Amino acid sequence: MQQAVEQALDCAEYIVESAQQRPPKRKYLSSGRKSIFQKLYDLYVEECEKEPEVKKLRRNVNLLEKLVMQETLSCLVVNLYPGNEGYSLMLRGKNGSDSETIRLPYEEGELLEYLDAEELPPILVDLLEKSQVNIFHCGCVIAEIRDYRQSSNMKSPGYQSRHILLRPTMQTLVCDVHSITSDNHKWTQEDKLLLESQLILATAEPLCLDPSVAVACTANRLLYNRQKMNTRPMKRCWKRYSRSSLNRQQDLSHGPPPPQLRLLDFLQKRKERKAGQHYDLKISKAGNCVDMWKRSPCNLAVPSEVDVEKYAKVEESIKSDDSQPTMWPAHDVKDDYVFECEGGNQYQKTKLTILQSLGDPLYYGKIQPWKADEENDSQMSPSHSSADDHSNWFVIGSKTDAERVVNQYQELVQNEAKCPVKMSHSSSGSAALSPGEEAEQAETSSIQSSVLGKGVKHRPPPIKLPSGSGNSSSGNYFTAQQASSFLKSPTPPPSCKPSLSRKSSVDLSQVSMLSPAALSPASSSQRHES
């Protein structure tokens, strides 16, 4: 099947090419009158036999213009005026002068659509029949299109002319049948059908009934060559630049913008206003300008007196809490709190270590992911740990502050995981002593510090969630590193010597190494509010 179609296409190409180069001559009856189609064909054969004046050019074109010039056929004149003048129709009278009958704006383009399709408009049938000169040629009408839109001289404008053949359609044939049968005679339905068939035979083009695929391919090829630039997408593009479309755009530009485009209109006007502004900026040559900044006076005299109270800032001392005296431990005490939670598809297990070293009254904390193989490493005190581990420990303060840190971290993990949290506690350091020795040791180790007892109270910094942690869409919990970054001190814990006496006063350098957040009363008030 595909091979037969390919052969038919090749045959159609050969027929079209041979008809353009050497069209065959037709024989007509001597008594018969030639129709306009036969005249056009004879003119086509005649032009093909002539040699072109310029090579690569053909003479068998513009046949309708040549036929009108040879036989002076009557035509329907259509004038296309520039701008908003519209278009008009003219008919020729008996005296040979043309008279304008209809003038319409470009917005009413129904007649132009019929002219573009080379079809006879049904609304002009009655007007053309009443014309003083016979304008019909075998049911067709020759229209001359005079285009004045490309003329530059408005006083005596010239025009570009071309001719088209308006063919009758079924709608015009129905109008003809109705006008013929509207007299006083009685027409039966059979008479009307017979009249319609005769009109179709008289106006229709020759029909080829050869049952060959090549005939259909040839007809399609000829139709394509004639209508290749008359497709719907091309018409849509042309309508954007038609006179009616340009007039509509011009009217909209002068009128007020719709409510939906007020912002666009404002931006467009502001852009035009800025484009119209011109700034006369001139850069003078070097040496011609005066530096006013260098010429301004500069007073650099040293003041004799300085108001210290105006620039100084007094920091209030931290009030002491005598209800809980500072305890000097007799040994290292380490408490491990393991928090386990499982939310969704994730499992989290972190460990909070609270440590009080020997000879140090302060508690330190460390948060890390829990691992079984790190049990030995976690037993090291911050004073004996390496320099790399100092950044992981943060200062907590007293025992009450350590309990508060545990509660806050448990609430933090539970809020982030949005599920119940299991906490397990294990302590080391004091378990090696007997109950009696532990009581005696605690009694002898409870000593007030000469410095810390005078109003120094260490409070842990408040635990705050990061701004984006609560809105995280990934579902990750608050990690140990994030919590430790909010709890740890910017300074590492002090390294206490084992030989330091418990009765001696605390060195002032140790107090200065505490974080400002841990010592400030503002952080303590924020923690109580949280």
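Using the three backbone atoms N, Cα and C, a Cβ is placed for every residue, glycine included.
In Swiss-Prot, the entry for phosphoserine among SER434, SER520 corresponds to SER520. Cross-referencing SER296, SER489 with Swiss-Prot, the residue annotated as phosphoserine turns out to be SER296.
All protein chains shown were included, and the count of other CB atoms within 10 Å of the CB of SER296 (phosphoserine) stands at 7.
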